[in-house]
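Let me begin by presenting the structure, written as structure tokens, before commenting on it.
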Amino acid sequence: MTIMTDPQQESFRPSMLLNDTRYRSYTFQFIALMVLIGIIAYLGYNLVLNLRAAGLNISYEFLGEPAGYDINQTLVEYTSRSSHLTAAIVGILNTLLVAFLACATATIFGVIAGVLRLSNNWLIRKLMSGYVEAFRNVPVLIWIIIIFTIMTAVLPAPSAFRGDDPDASMILGSVAFTNRGVYVPMPIWGEGSMVVVVTFILSVIGVFAYRRYAKKLLYATGRLLPTGWPSLAILFVPSILMFFVMGQPISLDFPELGGFNFRGGLQIGAPLIALWFALSIYTGAFIAENVRAGILAVSKGQTEAAASLGLRPRRIMNLVILPQALRVIIPPLISQYLNITKNSSLAIAVGYADITATLGGITLNQTGRAIECVLLLMLFYLLISLGISAVMNVYNNAVRLKER
Amino acid sequence: MSDTHAESVAYVRDTMLPESPPPAAETGVTKWMKKNLFATIPNSVLTLAAILVIYFLLAATLPWILNGIWNATSIRECREILDGATGGCFAVLSDRWNQLLFGFKYPSTEYWRPALAFLLLFVAAAPVMFFKYLPRQMLLFTGVYPFLAFWLIWGGSIVPPLLLLLGFVAAYVAFKALEKRGFGVAVLGGLGVLVVAIILAGSIGKIEVLRLEQVQSRDMGGFLLNMILGTVCVSLSIPIGIALALGRQSDMPIIKWICVVFIEFIRGVPLITLLFVANVVLAYFLPPGTTFDLIVRVIIMITAFASAYIAEVIRGGLAALPRGQYEAADSLGLDYAQAMRLIILPQALKISIPGIVNVAVGLFKDTTLVSVISMFDLVGMIRGPILASTDWNGVYWELFGFAALLFFVVCYGVSQYSQWLERELNTDHR
């Protein structure tokens, strides 16, 4: 007969710190912490020594001083007498602008290319894989520079649009591609235009509400409401009516040739176009692969099962394939958006005034505040990526397979 | 019964008719085209549109390429030869070939050295890439290669790299000798021997044997710089990435959090800001008076960048392993180092290969970013010295097309290799 007893509590010996697995992890962590603190202290000490030797100190007062440089494309009021902080804000807004534009167009390119890569058509399939491989395997910096070169060196100068028989002409009389940027008509928001905008926003909400109601009705009673043309009608009819009721408050200001340059309209600088287009076409190739993988991830059995239930092809796509494919597509899609935001820092190569070019470029060079500028720059990008990851986590939790 | 009707049957066929060929529309090219190109009306429209696109692309590029000028000394001469016709001025490539590949400061008499190092890279990489088909002894050359390449590219006496190599060999021997007494002890012992060897190498490394002309790091440029940054950073970042991934999976909270903060910080900022750090900030954190090569600083930052991404890829591989593998390793009585080395990592790394190759390709493409901090890599050379010269100002397409082609060949080759390797390593029984 054996009696189980608790092993006798051993008294603690120093050698147990290394040999006993219960204590060993504490030893390792302690060593790691000490090493980390040591490294940080060493670097900090060097920093203090170097700053003292250079007669510098860490301060952010330079942000309040006048920047003294011009930025040609700004979303907010900015002059060369504005502060470095304003310049940084201009940069932030420009970064967000190009990132937003590129995300939207990259998604469009990517979805089209990804779907077409699965087409039955051999030629289209090959063409699309050519596009994907060509853009995935060449650095985005080269694409940005190539497109910037097209914009600045190949497109005609504004003067080419002059004369009775000009070398270049405006597309539809309203859009001009010149080597100083692209001129497009600019909407002028007149009196009462807000009403139209609000109407439009309300109609967008209305469309969603209607589709929701149709779905609910379908699930509850089995009655199928048409969704295609009513959605279109809800989206546009009220806004157009309101537009005329308010007396056409929104008008377009067309660019016109005056003197050596275009006047009026909205000038979109070549750097913005180059960056926007290059980022979207480059990232579009990656998104195409994600889309293709997502669609392939839904097994054929799902389509067949849906078909055997008697669903029509369109509804199979909408109700069975897409919801499952989106769960695979969206997480990498969001990380591609993050990549676009980070790659937009390449703006500095073509002179687009994003945050890297203002705060990390000119401001840094003018003030010599390298540490502060780079720190703020990193903080900005870090905040953006943490924000996007947070959104992604929320989404992942929402669409996670509910397992029992 | 059959007898009674025998005479009423005039003729009974006793051989098969020869098969008649399928209808013309159902065979060969016609069928293939009907199925793959003109199945439906929208499909046919798409096909026609695609043919149109391809036609325009070829019409724009083919005359330009075929009519290209390869022998000229400046863009003006090119234009004179072309005399208004369409044609590329590829003479810039033949004229500035060495600059594009090696940068404009690398001594021209020594071009054979990086070229040789580049060729040997294939010999060194082959036994790793095709490990099933090549003798394992070739791995010895892979081990020697980094030191050889360093000596070839940077020059100087062969003694320091040789001593360093011997140091690594000694460290390996020490590791093997101590391995019986535990992995940790062996690693510490090996590291100790290595440090002693490095100190020894530093003290007696002044001897001049087989001296090659020394080339400074700042004189490296062109595609050579991209290749150096790409290969060095990828090979350094894989072990660091593995360590970070294991650290992130660790049960020890402090180690885990150090790894998490490092990885998330690096992944959250663009590479350009890290290059800014290498360029303007890093010097503040080093002891006063130390001068550090810019190329070394850049290598440090790019390696940190790549290892964070590789760590995440490997973490995915680790997470994909079934829990049972960890438990099986534990139940065999393996300690942590053994379990990782023998059970977990071989499987996790196999799963991670496509991801690692993706990171490697992305990293190689990102090496062009160093042109932003005024290093003269391939893109930097094109935008800087070549396009700024009076001879070649305005030859955009040929140069950028060449750069794009060079990167495409390398990156496409690597990704094809990774797909092949995936099939090769696939041990699923499907």
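Heads up, the Cβ atoms here are built off N, Cα and C, so glycines get one too.
Values in this document were obtained by computation on a predicted structure and should not be read as measured data.
TrEMBL annotations:
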| type | residues | note |
| --- | --- | --- |
| DOMAIN | B:223-418 | domain 'ABC transmembrane type-1' |
| TRANSMEM | B:41-66 | transmembrane segment |
| TRANSMEM | B:111-131 | transmembrane segment |
| TRANSMEM | B:185-204 | transmembrane segment |
| TRANSMEM | B:224-246 | transmembrane segment |
| TRANSMEM | B:258-286 | transmembrane segment |
| TRANSMEM | B:298-321 | transmembrane segment |
| TRANSMEM | B:342-363 | transmembrane segment |
| TRANSMEM | B:369-388 | transmembrane segment |
| TRANSMEM | B:395-415 | transmembrane segment |
Below 8 Å between Cβ atoms, which of the listed ranges B:224-246, B:342-363, B:369-388 makes the most pairs with the transmembrane segment (B:298-321)?
B:224-246
For the transmembrane segment (B:395-415), I need the partner stretch with the highest count of C-beta pairs below 8 angstroms, choosing only from B:41-66, B:111-131, B:185-204, B:224-246, B:369-388.
B:369-388
Candidate ranges B:41-66, B:185-204, B:224-246, B:342-363, B:369-388 - greatest C-beta contact count to the transmembrane segment (B:111-131) (under 8 angstroms):
B:224-246
Stretch of maximal Cβ-Cβ contact with the transmembrane segment (B:369-388) [cut-off: under 8 Å; candidates B:41-66, B:224-246, B:342-363]
B:224-246
